[in-house]
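Enquirer: If you scroll down you'll find the structure; I have some questions about it.
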């Protein structure tokens with residue numbers, strides 16, 4: 001099989017051309033391959049980076065849109081059935097986008113090709129979209145729900161590019177976010193239209209959180225930024241771009257935004273556009289000063305934290321740049337503020353344009369707050385449903401009221417998510433104590449929303465790592481506290497799927513069980529062992545459905561050791577036997593979760609072996625047990641020349657650095673990392689290395705702060721044994 005990947009600047013390596021997005025052309029392509037000579041119909045006018053060539057022997061499935069567009073999914077011989085879900089998503093997505101943009105798909109055909117070994121997740125080549133196999137194929141029997149959602153989302157993302165990126169192309173790479181931010185946002189819109197029961201917009205909060213955590217670094221960059229290498233394309237273009245689009249749509253209104261976007265596409269079809277062209281279309285359609293509002297969000301790195309305090313009958317608002325280091329930034333934004341008081345029926349919107357502003361409560365809300373009001377409906381929530389790209393810091397009184405509102409389930413899942421995520425970020429930045437954070441986490445003990453619980457689980461993992469470095473004598477109490485918080489969901493969901501259960505419950509079951517296994521919950525490890533043994537005896541056993549397999553594999557590795565290798569060897573055997581790529585990556589993501597340092601090293605060496613596709617070599621790195629960080633770092637240093645030679649020209653090399661370096665939490669380790677890469681320089685990892693080292697410094701300062709908390713020990717012990 002042969003496949004090209006030209007974005008951003010590799011078309012020139014295939015044929016002579018002006019290899020810049022603004023130099024669009026038509027293409028007449030003839031391919032001389034061993035079996036025949038192929039001549040392709042002249043293409044529409046397009047940018048060079050969107051040309052693609054794929055040569056190989058494939059099976060395919062085919063369908064047509066109501067407009068007669070022929071859609072095919074190509075895959076390796078014998079896997080055609082796994083392409084049917086993708087085919088259905090593609091046909092329906094084209095129809096959704098045609099209606100939304102009021103512009104039809106411009107080509108007579110759309111091909112989607114599954115590539116077994118593909119460095120990128122997918123590439124939106126005009127009419128011939130290439131995908132990593134795991135991102136296009138779906139097996140009803142062996143794939144889990146998360147894979148199904150990921151396939152739908154990635155297909156919807158790539159097909160949105162057929163309008164936003166291919167039909168209307170950014171003028172230069174500085175405006176890449178017009179492609180990637182919009183395609184990310186549109187993919188959620190399309191998937192929500194196809195599967196409303198998935199409640200996919202709530203999962204968009206993970207996109208927003210990813211962008212907030214990256215953009216909270218001093219080593220971040222603006223949305224509009226010069227790009228010189230593919231390794232410099234990161235989540236800012238995708239996730240922050242999509243998040244500010246969501247914020248702007250919320251501010252302008254759904255219908256106004258759609259009409260204006262359709263006008264923008266028609267105006268710039270078959271041509272190029274820059275960010276100011278989008279703002280002009282939205283200003284024209286809305287009458288709002290969009291350019292003035294949004295410039296601070298796209299040309300300036302970072303984002304604000306809005307502090308709010310209730311002082312008598314006044315709400316005092318103050319904005320400052322949020323930095324995870326806790327440092328003082330000098331950014332300033334025009335912020336669309338949304339605020340609710342005690343009810344979602346009492347909601348007000350305004351623009352915070354100055355650094356500080358005081359609003360009279362009666363003037364803002366229409367009534368006064370009674371002195372000493374402690375009722376359930378006296379809470380104040382900013383950034384309603386997390387529509388804005390900013391964080392919120394509440395004074396102690398308002399924070400306590402929100403903690404009560406979380407506990408009593410008075411807030412939407414999006415707002416429960418945001419309160420927790422903001423509190424965690426403020427804790428990392430040393431603006432709130434870990435003691436305060438864990439008391440808030442305890443308020444989520446009866447949480448049943450998947451997205452909220454997923455974030456709680458991720459935060460618990462990070463708190464565990466910091467606790468292990470800062471207060472190792474309290475680590476067992478932290479684990480007991482996590483078990484306490486997770487108990488409700490674990491008991492409600494159990495191990496086996498229930499007839500008619502929601503997609504969210506299927507997703508949450510796997511995540512809860514995985515987290516319990518990671519934290520060493522003995523009843524979970526025992527049950528996982530029984531189910532794994534049943535699976536070894538009968539691969540079709542109903543005791544190990546796809547949605548809990550990763551949890552079971554992690555549990556098996558948790559008890560595996562150099563002297564007890566049977567579980568490890570069994571997983572390797574399953575890896576070697578299966579031809580399903582998702583199962584392979586599931587196993588790779590579990591192997592390094594052992595607590596045994598020798599097995600961690602063995603697993604890392606396996607990932608660089610010829611048995612693992614190069615695209616999958618980083619699958620296990622992000623799941624290395626916290627106890628194995630030094631092993632992973634030594635392994636990276638010893639294998640760096642090989643890694644640099646194999647992956648140095650692509651995006652994957654940055655993942656090696658980020659996964660291994662970022663979890664450290666000492667200044668000594670930061671210096672060691674810096675010294676190593678000073679003697680092994682590589683321009684393509686420069687930004688990732690700076691960001692990773694900044695994270696190490698942030699972690700180190702957080703550790704020191706946690707060590708100085710006087711009430712932490714009493715708090716975590718009380719929460720660990722609290723009876724609800």
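The backbone N, Cα and C atoms fix where each Cβ goes, and this holds for glycine too.
From TrEMBL, here are the annotated features:
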type	residues	note
DOMAIN	1-40	domain 'Aminopeptidase N-like N-terminal'
DOMAIN	85-297	domain 'Peptidase M1 membrane alanine aminopeptidase'
BINDING	157, 161, 180	Zn(2+) binding site
ACT_SITE	158	active site, proton acceptor
SITE	238	site 'Transition state stabilizer'
DOMAIN	379-697	domain 'ERAP1-like C-terminal'
Enquirer: State the non-local partners of the domain 'Aminopeptidase N-like N-terminal' (1-40) in its own chain: residues 6+ outside its ends, Cβ under 8 Å from one of its Cβ atoms.
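Expert: Contacts of the domain 'Aminopeptidase N-like N-terminal' (1-40) (Cβ under 8 Å, skipping residues fewer than 6 from its ends): 46-57, 113, 115-116, 118-120, 123, 125, 130, 169-173, 227, 230, 233, 270-272.
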Enquirer: Sort the residues of the domain 'Aminopeptidase N-like N-terminal' (1-40) into helix, strand and coil with DSSP and give the three counts.
Expert: 3 helix, 11 strand, 26 coil
Enquirer: How many Å separate the Cα atoms of residue 161 (Zn(2+) binding site) and residue 238 (site 'Transition state stabilizer')?
Expert: 12
Enquirer: Indicate whether residue 161 (Zn(2+) binding site) is helix, strand or coil by DSSP.
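Expert: Where residue 161 (Zn(2+) binding site) sits, the three-state DSSP reduction gives coil.
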Enquirer: Measure the Cβ-based neighbour count of the residue listed as 'active site, proton acceptor', defined as the other Cβ atoms within 10 Å of its Cβ.
Expert: 26
Enquirer: Among all protein chains shown, how many Cβ atoms are found within 10 Å of the Cβ of residue 157 (Zn(2+) binding site), not counting that one?
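Expert: Counting Cβ neighbours of residue 157 (Zn(2+) binding site) within 10 Å gives 26.
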Enquirer: Among the binding-site residues 161, 180, whose Cβ has the fewest other Cβ atoms within 10 Å?
Expert: 161
Enquirer: Within the same chain, and leaving aside 157, 161, 180, name every residue whose CB is within 8 angstroms of the centroid of the CB atoms belonging to the recorded Zn(2+) site, in sequence order.
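Expert: Nearby residues not in the site list: 124, 158, 160, 164, 165, 179, 182, 183, 184, 186, 187, 238.
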